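Undergrad: Questions regarding the structure given below will be posed in turn.
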Amino acid sequence: MKKAKPNISHYALSNLQSNNYIQKIITQNVDEFHQKSGSKSILELHGSLSQIHCLNCGHIKQRSDYQSILSDLNPKWNDFLKNIELGKINPIVRPDGDIDLPHGTSYDSFNYLSCIQCSNGIYKPSVIFFGENIKNSIKNETIDLVQNCKSILVIGSSLATYSAFRIVKLASDLGKDIAIINLGETRGDNLSFLKIDFPCGDLLPAIADQLTKL
């Protein structure tokens, strides 16, 4: 994740936003690529991988700092990770990004730092895992953004998760214009006035280029 970078679509959206064609961005992604590409006013629906928080007191810490601490506390696990990065070990990577560890691997030797603020809490990545609920504050901010917008453009999402689909449904209920750019069907196709089945990486830069010439 640290090595991954924004793609051409992220930069096109940043361009459109800086020229006032887009006001706000609501993202399902947790990679902060929108921020890295220069976009502002971003609502992260499912949180961000760059931070962790204590499950007991809520203390927030940067993930990169904690990752370094974990590496120092677990030299054998850190060596295992380095061997993966060097290509000496080729583990099985699951669709969700998890890695199958060698058979018989024990977690008993894994050490971790408790919360530095309350001393007994466990840190967790500040993202919404499957089965968890989005914070009410995020839900309320999302509703406010939809209520005060003129239209919504859905980009690169099938809207399969209800947390995303509910935004489009609310916009439809409020009579907002909805357009969708996505390869394949989406859950909100019947709610949109415009659906473009085309790669956003090809389309968005062209749109940004044309609009910024006006």
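Just so it is clear, glycine is given a Cβ too, placed from its N, Cα and C backbone atoms.
Keep in mind that what you see is a predicted model, and the values were worked out from it rather than measured.
The annotation active site, proton acceptor is assigned in TrEMBL to HIS46. Taken from TrEMBL, the feature Zn(2+) binding site applies to CYS54, CYS57, CYS115, CYS118. Look at TrEMBL and you will find 1-214 tagged as domain 'Deacetylase sirtuin-type'.
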Undergrad: I need the nearest neighbour of HIS46 (active site, proton acceptor) among the binding-site residues CYS54, CYS57, CYS115, CYS118, using C-alpha distances.
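TA: Nearest by Cα distance to HIS46 (active site, proton acceptor): CYS54.
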Undergrad: For CYS57 (Zn(2+) binding site), which residues in the same chain are close in space, meaning a Cβ under 8 Å from its Cβ, but six or more apart along the sequence?
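TA: Long-range Cβ contacts: CYS115, GLN117, CYS118, GLY121.
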Undergrad: Using the CB centroid of CYS54, CYS57, CYS115, CYS118 as the Zn(2+) site centre, which other residues of the same chain sit with their CB within 8 A?
TA: LEU55, ASN56, GLY58, HIS59, SER114, ILE116, GLN117, SER119, ASN120, GLY121
Undergrad: Taking only same-chain residues 6+ apart in sequence, whose CB is under 8 Å from that of CYS54 (Zn(2+) binding site), what do you get?
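TA: Looking at Cβ-Cβ distances below 8 Å from CYS54 (Zn(2+) binding site), excluding near sequence neighbours, one finds ILE60, LYS61, CYS115, GLN117, CYS118, GLY121, ILE122, TYR123, LYS124.
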Undergrad: Mind giving me a neighbour count for the residue listed as 'active site, proton acceptor'? Other Cβ atoms within 10 Å of its Cβ, every protein chain shown.
TA: 19
Undergrad: By a 10 A CB contact count over all chains shown, which of the binding-site residues listed here is most packed: CYS115, CYS118?
TA: CYS115
